[in-house]
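What follows is a short report on a single structure.
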């Protein structure tokens, strides 16, 4: 026991100079389901006075016993928008390990980073080498944590034989247009992921290419395929300026990795727990999702239902609710544009979102014009049908885009499936309500009234429902209505004859009344 304590103390004394402000380290010790090192990452950031940005220097070590598998670290809480540093290769091939730097636009195959779309961020691989593991040369502390001496676990049956040492630099990393990278954050979210089965070996050069296709990791975090951790970037910031000779070599600024120390200035737990903590990981994305979800999952369907209720003033409730929903949708779109830094859309979710919010402006004009025209004709026109079907299509498109946005943000299949089920139930409920309301309207209004009554209340004077007054110019506008002056005079005569409370007069009723009189 004394020897173990002495070894631990000596290890801490030797490695203490590295565990200081100016770097952070995160390690996992579960290679082959044991406590042996699986992979480690160390990061430091430096202020670049020339560019007024922060540069990140990254070192990664990955333990390997064969050519199977890949390991990755990523900046951000989800795959979407993260910078990913992916390590793979065959330690027995005579080739250096591969460090592939990629990103993703969702839970899809990561792809190479387009320099033109990187927002001024520059990424460079600095080093990739294999190092054979020799217990005599490195000592057991290279593979095991210093606090695992009494756990009583057996040594792995296939211990790693090589360590991949790779490093990279990210110049102007806080300019990255994807997941924000804040050099002053005390809890910057990062990702790790791994696949232990894909084989990178053989004579085929494509197996060692920087754009080699990757097989997917295990889907759930609980299965050990991926996870999140949080880095205190404030503590990882280097405060002292390097010597000129050192600064000339980027590799010399890469922080050393000391696996025997484990993790420091990092944690597996978010700064807080529960739902609110998850929202604060990506506040802009959370706000965007909340605004769009409220608009398309709640308010727009509610406005359609309120238009077909009998009590009060349905029209006023309809346009007020739809106006609020439109405002939320436009605000959500503005947040989305800020998130993408006003770049051109690159995903189906973005293109569909732009189409939807643009259609909302057209929908508002159509709704107003429908109301004005309906006051004169007491029947639908092409404007009415355009307003109705554009509204229905917009709600459905909004539902679809919410699901696309969730998948783009990296949500798992369970959450996406749950929201899809909610959408299906809501669609069925709204559809049944509208169908029932239209049947009630047809029964109330008689023959030929279903179309008009589907947009009108079930009783009450016209002035309580149609609150928008018409100007004299609109009363004289025959061409817009497609109705001649004689028909208009006949309607006015019948309106005066029928009285103010007789608001539901079909064309057939008009004809019959004319014959009787």
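A Cβ is built for glycine as well, from the same backbone N, Cα and C atoms used for every other residue.
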Have a look at 348-368, 453-473, 474-494 and point to the one annotated transmembrane segment in TrEMBL. 348-368
Range annotated as transmembrane segment in TrEMBL, from 289-307, 498-516: 289-307
Intrachain neighbours beyond the transmembrane segment (348-368), with Cβ under 8 angstroms and 6 or more residues off its ends: 292, 319, 322-323, 326, 329-330, 333, 336, 340, 383, 386-387, 390-391, 393-394, 397-398, 400-401, 404-405, 408, 468
Helix, strand and coil totals (DSSP H, G, I; E, B; other) for the domain 'Cytochrome b561' (287-406): 101 helix, 0 strand, 19 coil
For the transmembrane segment (389-408), which recorded stretch in the set 289-307, 319-342, 414-435 gives the largest number of Cβ pairs separated by under 8 Å? 289-307
Grab the same-chain neighbours of the transmembrane segment (319-342) for me: Cβ-Cβ under 8 Å, and only residues 6 or more beyond its ends, written as numbers and ranges. 119, 177, 284-285, 287-288, 290-292, 294-296, 298-300, 302-303, 306, 350, 353-354, 356-357, 360, 363-364, 367, 398
